[in-house]
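First the structure, in the form of structure tokens, and then the observations on it.
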Amino acid sequence: MTASRDIACRVRGFGAYTPVDVLTNFDLEKFVETTDEWITTRTGIRQRHRLAEGQNASDAATEAARLALADAGMEPGEITHVINATCTPDYLCPNTACLVEAKLGIMGAMAFDFNAACSGYVYGLSMARAIVAAQPEARVLLTATEALTRRLNWADRTTCVLFGDGAGASVITAEGEGALLEDVLCASDGNLGGLLTIGGGTHTPYAKGDPVGEDFFVQMNGRDVFKHAVRNMAAISQDVLARNGLTIDDVALVIPHQANLRIIEAVGDRLGVPAERVFVNLHEFGNTSAASVPLAIADARAKGVLRPGMRVLLATFGGGFTWGAALLHF
């Protein structure tokens, strides 16, 4: 487990982007063997957004980044680092962060991708904080973007109904206005990697003309993912609270990874937090993986649910297996 603590760090701007195209459960009924009732009762999801043809993960990240920069009152040229969380990059090389950097007109920044799946944003906060600790003058743009609908097997109703496309972004600096990043914890267990996979890497390479196999798409052992997700999200949330001398009563709002309503409810039960203090928007966006948490933060602010003065607990889990938690004081 890695931790970042006692390092002054401000999350100054937030932005989120979701594509215009909306795919409802009723739309899915037309070409997937499923129903709105089946999806809603098992997941809580009613719709998800889908990138248009020719639109990629870097495009979504760029739009979210522009909004985050505007929210922070900063110009792209002030950014020194671009770090991007994704498991659905535009290419294996160049990295998506470099593409975002170019689209924003940034020159000379350090830019790289990383993959912590659905835990990406919280992992990114940990990395951004470490960068700021080493270089107090750093101004870090953190993006989290996914184009998951490009990697779904539409014949597998257990996975294709879950995911959507979108992006979120934040600007992190040592000083200035914005939410105080009080603490962040991240952990993983590679022994659980087989529970949630997306193929197409060197383990499952594809040559031109090869038929696309099922292992190219999202594959998931839903039952085991549920069990480990609930256990680890709750445990690391309790850990980050305890190490800061806090209890769940000191948290005004919990923003969990928006994967499945049953998972969110089970984590809330374990933490002993009432449902009205847990932010949920997966019915609108589905599971957007790394983009889920920053998208939820931006949405909660826009809806007036997240207000200045509130302490927020972020809790995530994802393929790898990865998980993390962070405390933000707005």
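Placement of Cβ uses the backbone N, Cα and C atoms for every residue, glycine included.
Here Swiss-Prot flags Cys118, His257, Asn287 as active site, drawing on sequence analysis. Under the heading region 'ACP-binding', Swiss-Prot lists 258-262.
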Next item on the list: Might you list, by sequence position, any residue in that chain lying six or more from His257 (active site) with a Cβ less than 8 Å away from its Cβ?
Entry: Cys118, Ser119, Met233, Asn287, Ser292, Val293, Ala315, Thr316, Phe317, Gly318
Note to self: Check the DSSP secondary structure of Cys118 (active site), expressed as helix, strand or coil.
What the structure shows: helix
Next item on the list: Quick one: give me the count of other CB atoms within 10 A of the CB of Asn287 (active site).
Entry: 26
Check: How do the residues of the region 'ACP-binding' (258-262) split into helix, strand and coil according to DSSP?
Finding: 2 helix, 0 strand, 3 coil
Margin query: So if I draw a 10 Å sphere around the Cβ of Cys118 (active site), how many other Cβ atoms end up inside it?
Written below: 30
Check: Any idea what the model's mean pLDDT is for the region 'ACP-binding' (258-262)?
Finding: 96
